[in-house]
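> Quick one: the structure is below, and I'll ask about it shortly.
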Amino acid sequence: MPKNKILIYLLSTTLVLPTLVSPTAYADTPQKDTTAKTTSHDSKKSNDDETSKDTTSKDIDKADKNNTSNQDNNDKKFKTIDDSTSDSNNIIDFIYKNLPQTNINQLLTKNKYDDNYSLTTLIQNLFNLNSDISDYEQPRNGEKSTNDSNKNSDNSIKNDTDTQSSKQDKADNQKAPKSNNTKPSTSNKQPNSPKPTQPNQSNSQPASDDKANQKSSSKDNQSMSDSALDSILDQYSEDAKKTQKDYASQSKKDKNEKSNTKNPQLPTQDELKHKSKPAQSFNNDVNQKDTRATSLFETDPSISNNDDSGQFNVVDSKDTRQFVKSIAKDAHRIGQDNDIYASVMIAQAILESDSGRSALAKSPNHNLFGIKGAFEGNSVPFNTLEADGNQLYSINAGFRKYPSTKESLKDYSDLIKNGIDGNRTIYKPTWKSEADSYKDATSHLSKTYATDPNYAKKLNSIIKHYQLTQFDDERMPDLDKYERSIKDYDDSSDEFKPFREVSDSMPYPHGQCTWYVYNRMKQFGTSISGDLGDAHNWNNRAQYRDYQVSHTPKRHAAVVFEAGQFGADQHYGHVAFVEKVNSDGSIVISESNVKGLGIISHRTINAAAAEELSYITGK
């Protein structure tokens, strides 16, 4: 049996044909029928050789015609069968006679890996699986159109090649004599000659278009992904879209409201137009009764280097402790009823009213928290200090006037709970249910309640120093046990004595450098006149009043800076208190309002600069 028939036999009997056709042999078939047919066939061959030759020649012609006809029209592939060389019941002869010779040659292609024939190679060649196996996997939607177009292009080129080969075979058959026995071999080789070239030419174009096809496929995938996402959002996320839209609308509305809202606790544009530098004395239009006082703080000096240690402390006062006791019960009840920190409320009252000693806090105003505006139509104007960083300025503003301190406490809680016009939740982050601790509450107040950059730091220091967190507990503390002694210091000691306000009658504006030196000198048993005016006038006016004035540093004396001298104010000048004179001629001074509103700080002046300053010895 020829090699081609063996290959087809292997394929047909082991893989493909047994599932498509009925069996060709049975166990109970009589053996004699087969023997008779074989004997008859052999007898016919031995008796008539010439007939066999003629028949063979005719068979070759018919095979050539069949091959040509099959290549022109695949629908006629199985139409013509030669009865003398093929039996109708022999499926092997049936396939072999009607399979184009070009496909037979393809079946013999050697495996490029093993350099021999394999069953996989035969199957691949039989079904024209000449490309990578991944090409026959299920394509993605985005790639389907691209793969189909490439396949159609390949099939079109292949059909053109087969047509050209068929026409070439037909022309060669017409030229060659029929008696030539090499004609079948020629017809087998002829179609193979152009194939190594033609398929390569046809495959070159798709290869050059791979990048374009991949880009197109990528765009299609992206477009389909976007469309799928939009479809999912449309179908399942209408509520989410609506929520997002409402949130964006509300956020925009809140932003517009906040931008258009004027916080009465902060200076208005009109008030800022009339701001001025803080006055250092009660001269001209600045009166004591119209000036608002606040609490004081002090930084501890480091004894070793005579400079600030950086620690921020409260100036302790017995008056402050008595003030805490006077408002503690009301503050505790209001805090429990309104979800706010009583500790923060009391600390703000201490800071804003100077523990109830400010003229704004006293009768008939009773404003403990420095709340601006009007209460039931009642307000009172006051000069007050505001801060822009560490730079202070003075403005005149209207403050609410209350009939009693209880109304002041209640109005404060209403402000914290209900906010201001246009922004009802401005102080919501200070509530106990919103803030994790009182420090979170004071941090928010520093941005929305006051201009002082140290506002939160001051409140936290007051709460810690006076142990105010106990008033945040559900149970009211025992006020009889709320007592803490104030340390007594030896005036002759080298230790720095904490500042205390010792005079009720104050001739200088509260918190100013002049006010501080006036109190500090009295704390050490000396005094100075209360009518010396602004700081840069002190040395001249003191000398006129028979005070000892010189350029020699002296401990516990007042030191005067002329206007603009060593960083002093260009208009008012500056005055400080000499805490210590060092052996090298340098001096350590304490002063107020240099590092912020109501802050008492310390610094060292070198010997050369110290000799240029004026010193006033108290009486």
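Using N, Cα and C of the backbone, Cβ positions are placed for all residues, glycine too.
Pasting the relevant annotations from Swiss-Prot:
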type: COMPBIAS; residues: 30-65; note: compositional bias 'Basic and acidic residues'
type: COMPBIAS; residues: 73-82; note: compositional bias 'Basic and acidic residues'
type: COMPBIAS; residues: 137-146; note: compositional bias 'Basic and acidic residues'
type: COMPBIAS; residues: 147-156; note: compositional bias 'Low complexity'
type: COMPBIAS; residues: 157-175; note: compositional bias 'Basic and acidic residues'
type: COMPBIAS; residues: 176-192; note: compositional bias 'Polar residues'
type: COMPBIAS; residues: 214-226; note: compositional bias 'Low complexity'
type: COMPBIAS; residues: 238-260; note: compositional bias 'Basic and acidic residues'
type: DOMAIN; residues: 488-617; note: domain 'Peptidase C51'
type: REGION; residues: 25-83; note: region 'Disordered'
type: REGION; residues: 134-226; note: region 'Disordered'
type: REGION; residues: 238-290; note: region 'Disordered'
type: REGION; residues: 327-468; note: region 'N-acetylmuramoyl-L-alanine amidase'
type: SIGNAL; residues: 1-27; note: signal peptide
> With DSSP helix as H/G/I and strand as E/B, how many residues of the domain 'Peptidase C51' (488-617) fall in helix, strand and coil?
28 helix, 34 strand, 68 coil
> Can you tell me the mean pLDDT for the region 'N-acetylmuramoyl-L-alanine amidase' (327-468)?
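Mean pLDDT, the region 'N-acetylmuramoyl-L-alanine amidase' (327-468): 93.
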> When the region 'N-acetylmuramoyl-L-alanine amidase' (327-468) is classified with DSSP, how many of its residues are helical, how many are strand and how many are coil?
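Within the region 'N-acetylmuramoyl-L-alanine amidase' (327-468) the tally stands at 64 helix, 25 strand, 53 coil.
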